[in-house]
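> Before anything else, here's the structure in question.
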Amino acid sequence: MSAKPDLKIVLCSPRGFCAGVVRAIDTVERALDKYGAPVYVRHEIVHNKYVVDGLKKKGAIFVEELAEIPESTTAPVVFSAHGVPKSVPADAQSRNLFSLDATCPLVTKVHREAAIHFKRGREIFLIGHSHHPEVVGTLGQLPVGAVTLIETAEDAKTITPKDPNNLAFVTQTTLSIDDTAEIVALLKERFPNINGPHKEDICYATTNRQLAVKKVAPVVDALIVVGAPNSSNSQRLREVAEREGCPIAVLAQRAADLDWKRFENITSLGITAGASAPEVIVEEIMDAFAERFTLHVETVSAAEENEFFPLPRQVRPEAAAE
């Protein structure tokens, strides 16, 4: 039997779960522990099939709209980490549903910023991807027409505001830092008085994971991003790897998704994971490579992370006796 070829694995750090994802998953699990099954969840709690399937097995029921929840239920309904339009909690209240809000606090920060700009009479631009649940939620914080979506640099070049001197912008939290910087620069060049966030809206986890990929992608033959196709931050990581010159940059939800022909002649491989992807899948993929190669593993770090977001009050441990 011939010896397995050597393969250098470069793990990107940080990778995987962020504080907002941990909070969202813990919210569902704590609700199941405290109230029992079922617990309804509006939209995927985070964009990861492995996580969602695991919660389904524990008794979570995922729906896209509140109308899918039985009228007579007393079970809790959890709003996903991506945030929801204001109409959703209002609808839940009108139906006397018991709701738990697992919206990431950094998304809530964007909602607050938009509300402040609206109160001050500013026309608001939202930099983001249409149809993404986070963008739908942010647009739904204010009356229709109060926020204009900007998706591309071309949009930023051509948009015509009502009053160029009374503008503000906010952004989706999971965008490409480079693409967003280009759009923001164009807006500031065209509208020097535009108001932006005091601290950028792209979240720390998105930024750190992209910076780690920027370090690793130029020095490996291939890079795998563990993540789901509908995960915005995971897709951006793959795009960053391609942009930094990595010859093979792929997105994979599980080891079974990998096309092994693409990795036959590589000698080095980078691995990262989107903010909603669990470390167990990284380990699964490394095990799959270990069956075919002799691995030599190292880690490249771009930042240290120690962020923590408290759970919704109703499911905090101290609320157990309530």
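Just so it is clear, glycine is given a Cβ too, placed from its N, Cα and C backbone atoms.
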> Can you pick which of Cys12, Cys203 Swiss-Prot lists for the same [4Fe-4S] cluster site as Cys18, Cys104?
Cys203
> Work out how many Å separate His132 (isopentenyl diphosphate binding site) and Cys203 ([4Fe-4S] cluster binding site) at their Cα atoms, rounded off.
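That comes out at 16 Å between the alpha carbons.
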> Setting His47, His82, His132, Ser231, Ser232, Asn233, Ser276 aside, what same-chain residues sit with their Cβ within 8 Å of the center of the Cβ atoms that define the dimethylallyl diphosphate site, listed in sequence order?
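The answer, listed by sequence position, is Val46, Pro133, Glu134, Thr174, Ala228, Asn230, Ser234, Gly274, Ala275.
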> Are there any residues in the same chain, six or more apart in sequence, whose C-beta is under 8 angstroms from the C-beta of Ser231 (isopentenyl diphosphate binding site), and if so which?
His47, Asn48, Gly274, Ala275, Ser276, Ala277
> Among all protein chains shown, how many Cβ atoms are found within 10 Å of the Cβ of Cys104 ([4Fe-4S] cluster binding site), not counting that one?
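Neighbour count, Cβ to Cβ under the 10 Å cut-off: 26.
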> Using Cα coordinates, what distance in whole Å links Ser232 (isopentenyl diphosphate binding site) and Cys104 ([4Fe-4S] cluster binding site)?
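Ser232 (isopentenyl diphosphate binding site) and Cys104 ([4Fe-4S] cluster binding site) have their Cα atoms 15 Å apart.
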